[in-house]
Amino acid sequence: MKMLKNLRRGLWNYHTVCLVILTPLLLLPLPLVIGTQEAKCAFVLLLMATFWVTEVIPLSMTAMLPAILFPMFGIMKSSSVAKEYFKDFHFLLVGIICLATSIEKWGLHRRIALRLVTMVGVNPAWLILGFMSGCAFLSMWVQNTSAVTMVMPIVEAVLQQILKAKEECAGEHNLALQLDGTLICSLLSFIYCLIPKITQLRRRWMYPNCDSINFGNWLLLCLPISIIMLLLTWIWLYWLFIGSDFSFMCRRGGEQSAKEKAAQKVLDDEYKSLGPMSSQEIFTGVVFMVMVLLWLTRSPGFMPGWAALFPNQSGYITDATVAVLLGFLFFIVPLIKLEGRHFCKDTIFISLPPEAMICWQEFQASMPWKVALLVGGGFALAEGTKESGLSLWVAELLTPLGELPVLATISIACIIVTTVTEVASNAATATIFLPILSPLAEAIHVNPLYVLIPTTLCTSFSFLLPVSNPPNAVVFAYGHITIMDMVKAGLGANVIGILAILLAIATWGVPLFSLNTYPHWAPVLPGFNSTTP
């Protein structure tokens, strides 16, 4: 028994090597025995899916496998595969990261978060909602991990002041503020994931000619989802960790207790320590607002946008063009320091140092190259499934699902994706499933966006485990919560998220993306079920 135990321990120590070696060996019959192009592409797909789920090698390096295996198997030329690794999405990402780098460098995110939290007060329920709203809004524009890392020290400081005041006022009974670390910190593990990921524009289809999605209609679809999720998750977490007494909603204002005053003082002191807004923060905020405005008005759909000013370049300008243009400004606009001098009363000298708002090293440190490669690998994999005929084969295999109501098919897909994303990264889950779900939609002759949009959003619902994503791990590392706290709260958040997405895609999502018609940019597969939603 001891020998077997030692053997198992030894094998586990080398499980990474075993997976890297055994997985391709077990899949070898596909290219060697069956030998069709579809089987060869299936070998690549299954190998990448296994490596992505187990993370035995870095995700970004797994994404490079199509560049090696597709040319070797004769599926695509190396030059054709390379083109898939840098697309319009990557330019959009570059522009957004330029903005995010400036936001983080000059502390604008901290100012916004503190301001939002101080506006709601220090009652535990409203304080939780304030942190949730602030962190969710911030991580729309900066990386989720950065948002949580920035907010958690503020939460910890407020929490310590509450506990300190509680000790000083031990005789005072105030149920509303019987708050411990488990509550606020466990809530923070879900804050980052509500609005931020949902509102990110994820154009990961295999449909390069798709013109149905723009920033405006994506925001109109996802902002209500975000608000619904935010409010319902707040209520769910309050009920789970505090209780069912919601009378606090009718009791705004009044005299503050000692603990509430202590917490309010922490927030006020933190905000005052920031001082007045610097010129760098103002410039970053202006660029941010201009970028969003230009995205919303480029081609809103219900009226001509500013892109109509370039009639001879119709379709040439995208959201990525706007993002790169404004991101470029951060490298050429110099820092402006306002320095008061005593040489003359009320005189202000403007110093223009040679450096710009951000430098290349700062941008490079913030740029998620792993995500860029991962998405590029997804594009390459999707194109390979199309060129090899694997997508058509999957479409034929999945055709029987067309007999189910469309919403039932979407619900099943959302549940599967939500389950898988708990153990695999969000980007990897989307990259694995979208090439499979696209031919399913084509097989049942349903607008592919009807299936792809809700399942793409569901890849963000990784709420259950500390290992599900880095922000969960950041919160868990503070040591205030257990895994069961995360699991209980996360299950409710998952259910709320799936239901909110299904509600949106079945109601206001239909007119926004014309989901009740089969689009011109999607292929029509002969002989398949013509089911329509």
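Glycine residues also receive a Cβ, built from the backbone N, Cα and C atoms like all the rest.
What TrEMBL records for this protein:
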- 12-34: transmembrane segment (TRANSMEM)
- 41-69: transmembrane segment (TRANSMEM)
- 89-108: transmembrane segment (TRANSMEM)
- 120-142: transmembrane segment (TRANSMEM)
- 175-195: transmembrane segment (TRANSMEM)
- 215-239: transmembrane segment (TRANSMEM)
- 277-296: transmembrane segment (TRANSMEM)
- 316-336: transmembrane segment (TRANSMEM)
- 406-437: transmembrane segment (TRANSMEM)
- 489-510: transmembrane segment (TRANSMEM)
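Highlighted: of the candidate stretches 41-69, 277-296, 316-336, 406-437, 489-510, 489-510 has the greatest count of Cβ pairs under 8 Å to the transmembrane segment (215-239).
With respect to Cβ pairs under 8 Å, the transmembrane segment (316-336) is most closely packed against 89-108, considering the stretches 12-34, 89-108, 277-296, 406-437, 489-510. For the transmembrane segment (41-69), the residues of the chain that approach it from at least six positions outside its boundaries are 15-16, 19-20, 23-24, 27-28, 30-31, 75-76, 78, 81-82, 84-85, 369-370, 373-374, 376-378, 380-381, 384-385, 388-390, 420, 423-425, 427-428, 431-432, 435, judged by C-beta separation under 8 angstroms.
Long-range contacts of the transmembrane segment (277-296) within the same chain: residues 95, 99, 102-103, 105-108, 111, 141, 214-216, 219, 306, 319, 322-323, 326, 329-330, 333, 335-338, 357, each at least 6 residues beyond the stretch ends and with a Cβ under 8 Å from a Cβ of the stretch.
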